[in-house]
Amino acid sequence: MSETATWQPSAPIPNLLKRAAVMAEIRRFFTDRGVLEVETPCMSQATVTDIHLFPFETRFVGPGHSQGLNLYLMTSPEYHMKRLLAAGCGPVFQLCRSFRNEEMGRHHNPEFTMLEWYRPCYDMYRLINEVDDLLQQVLECQPAESLSYQQAFQRHLEIDPLSADKAQLREVAAKLDLSNIADTEEDRDTLLQLLFTMGVEPHIGKDRPTFIYHFPATQASLAQISPEDHRVAERFEVYYKGIELANGFHELTDAHEQRLRFEQDNRKRAARGLPQQPIDNNLLAALEAGLPDCSGVALGVDRVVMLALGAESIGEVIAFTVDRA
């Protein structure tokens, strides 16, 4: 046996007991509201096209696939859950493992627990209120505040993110000592994300959760564009005590528009030298068949448990981090 083997869990046992209590509380929250718990696959023949997400890939070589079938570990259960919604399942939630081949650190582990739920007939604001209710129940925190993406930039960086050009964004980046990154970045949305991460996030959600809504339309992902202001998407995120907790959408239901967005993502991936990803045609077929008007959100459970315990790192709240797996 290796003398360097680390068999012990990364989280203390009392923390795992608290984690179990949080998971039970989450399930109780949705059961009390009549939301169905579902399970969907951890692997799929298609994956996300988002240029900022990196999935794990494997190959199935079982019966009927001697040449190998490419499969991807799911970065979230979103696509399968939307197929259930299109089939008429009604409001649903899921607690599941998700996988991202990205960073590892205080707030990240390649394998993590996701809470995702969808509400037919909910707009973005009604879902924000439900996320707020859940956080108050689980974390016993104050009611959240809400700021638009534009308001957050204007308050903390004194710039309008919806109208500023790349030169103006680089000027703000210089004030944050980020010129070494910003000066060579040509993608406007990447510049905005850099400024948001370094110049806005540290100042929000300190005493109570903060919802940021109406992200730029160019960052819509799978969200609808606002009918009142076509510059913004009906997308929101929530932050608390320096941690991003959730990302939600008033979901796009137009299959043609969704295909165009996937294709645009793949063009961006090609321009950056990243592999183009297979588009999920099953999802597009579900949208074509009729996804009900709905809003949905994905929330990082491990991070919620961190906040419930006052933990400093994700390793304190999961049994085995990847370096001990």
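Just so it is clear, glycine is given a Cβ too, placed from its N, Cα and C backbone atoms.
Among the candidates Tyr118, Tyr125, Tyr149, the one that Swiss-Prot lists alongside Ser76, Pro77, Glu78, Glu251 as binding substrate is Tyr118. Secondary structure from DSSP puts Glu78 (substrate binding site) in a helix. Of the candidate binding-site residues, Ser76, Pro77, Glu78, the one lying closest to Leu245 (ATP binding site) when CA atoms are compared is Ser76. Of the recorded residues, Glu102 (ATP binding site) and Glu78 (substrate binding site) place their C-alpha atoms 19 Å from one another. Taken residue by residue with DSSP, Asn101 (ATP binding site) is part of neither helix nor strand, so it is coil. The Cβ neighbour count for Asn101 (ATP binding site), using a 10 Å radius over every protein chain in view, is 13.
Rounded to a whole value, the Cα-Cα separation of Asn109 (ATP binding site) and Tyr118 (substrate binding site) is 25 Å.
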